[in-house]
Amino acid sequence: MVLCFPLLLLLLVLWGPVCLLHAWPKHLTRAHWFEIQHIQPSPLQCNRAMSGINNYTQHCKHQNTFLHDSFQNVAAVCDLLSIICKNRQHNCHQSSKPVNMTDCRLTSGKYPQCRYSTAAQYKFFIVACDPPQKSDPPYKLVPVHLDSIL
């Protein structure tokens, strides 16, 4: 029993930061957090665009993709045929056409001085969708996770 406690403590220390990286601010719905992280109708330089996201989480996010489209258009993808997500769930949907997007990758810095590379892309995307929460827009399904870029 004594040997188990240090091992448990080590696991908690190692897994704690991983869990924090995937959490979203609890005062936001998952759809609203998706919109903040991934919807940017007009292209912005990544250092500027990422500062808003990093201010919520208080750390430098390693990678992020901004879709240059409206939330309404991205939410419409949720009405397309369901496909299997990376996590094996069946709530993902692929865009029917490519969209302009910006890929931001952390190159240096420590919060709040995060520095990113900026790469313009024109690709398809896959989003995970869930039923809306009370304060979400009134769609049948809303995007909650950017699962992949194709």
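Every residue, even glycine, has its Cβ placed from backbone N, Cα and C.
Copied over from Swiss-Prot:
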ACT_SITE  His38  active site, proton acceptor
ACT_SITE  His145  active site, proton donor
BINDING   Lys61, His62, Gln63, Asn64, Thr65, Lys86, Arg105  substrate binding site
DISULFID  Cys46-Cys104  disulfide bond
DISULFID  Cys60-Cys114  disulfide bond
DISULFID  Cys78-Cys129  disulfide bond
DISULFID  Cys85-Cys92  disulfide bond
CARBOHYD  Asn55  N-linked glycosylation site
CARBOHYD  Asn100  N-linked glycosylation site
SIGNAL    1-23  signal peptide
SITE      Lys61  site 'Critical for catalytic activity'
Rank the recorded positions His62, His145 by the number of other Cβ atoms within 10 Å of each Cβ, and give the residue at the low end.
His62
Please report the DSSP secondary structure of Asn55 (N-linked glycosylation site), reduced to three states.
helix
Can you check what DSSP calls Thr65 (substrate binding site), collapsed to helix, strand or coil?
strand
Cys104 (disulfide bond) and Asn64 (substrate binding site), Cα-Cα, nearest whole angstrom:
5
Could you round the CA separation between Gln63 (substrate binding site) and Cys104 (disulfide bond) to a whole angstrom and send it over?
6
Measuring CB to CB from Cys60 (disulfide bond), give everything in the same chain under 8 Å that is also at least six residues away in sequence.
Met50, Asn54, Leu106, Gly109, Lys110, Tyr111, Cys114
Taking only the Cα atoms, work out how far Arg105 (substrate binding site) lies from Cys78 (disulfide bond), in Å, as a whole number.
27
Going along the chain, which residues six or more apart from Cys104 (disulfide bond) have their CB under 8 A from its CB?
Cys46, Ala49, Met50, Gln63, Asn64, Thr65, Phe66, Tyr116, Ser117, Thr118, Ala119
Going by Cα-Cα distance, which of the recorded positions (His62, Cys85, Lys86, Cys92) sits nearest to Cys78 (disulfide bond)?
Cys92
His38 (active site, proton acceptor), DSSP three-state class -> helix
